[in-house]
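Data first, discussion second: the structure below is written as structure tokens.
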């Protein structure tokens, strides 16, 4: 025997279609409001919320359970249907349903949906006419029952009364919003002007700093040029000094080994780096003084051995 699950499939299809309708409604609303959105993000958020509400409220399981009961009855298994019938006519079930209805009413009242609004929503529905701004007000079965029971009255005085929504002074609200907007606009302009002044001051300081940096760079360039010229002059002076000393050395009646030693010391002077050149000249002068001191001591000792005395004049 073929097992029928058409009712379950229909319920699942209705639930899935409801979810797709919720996604389409959300995206179309965002488009009408001119809000940029990511379809995948909207789809994920709506699915998460939809699944949570359907599961937490028990609506999905309730619908699928009823569909399974109908399919079982269609397949010749009436046990579940009989149990559901007995459960529905049980006094405890009726009391529980009545309690749930009362909870829902209190929840709606706490949300600001009073009895008048609940009754009107239950008695009437609005049908839009495509292509027109007007609508058709339809009476529900509850309204029909109230008419049959004589629970509907016509109050002519109610027409002249103003509804609560009509008592709102939209002009004063508009004026208040306009004042708030002007105040906000003034604050924004003040902040913008202050920011502009700060930006101008920063630019002035930046230009002043750039001028100072430019002047310092020019001074540094001049000093660098002067240092380069001084270094070149010192190199020329040291080179001239070495040449002059070499020429003077060759003109003196000194032993060749002494001349060679002094010439080697002169040639070892670093003529490129003035600092090193000064150190080399200092070392050469010390060596000459040391050699002169040794020569003087030798001459002094020789005079003493010869029983001669010496004196400075």
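Just so you know, the numbers here start at 1 and follow the chain as drawn.
From the backbone N, Cα and C atoms, a Cβ is placed for every residue, glycine too.
According to Swiss-Prot, the protein has these features:
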- 166-237: coiled coil (COILED)
- 1-149: region 'RNA-binding' (REGION)
- 150-206: region 'Dimerization' (REGION)
- 170-234: region 'Interaction with host ZC3H7B' (REGION)
- 208-313: region 'Interaction with host EIF4G1' (REGION)
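Helix, strand and coil residue tallies for the region 'Interaction with host ZC3H7B' (170-234), in that order: 65 helix, 0 strand, 0 coil [DSSP]. Across the coiled coil (166-237), the model assigns an average pLDDT of 86.
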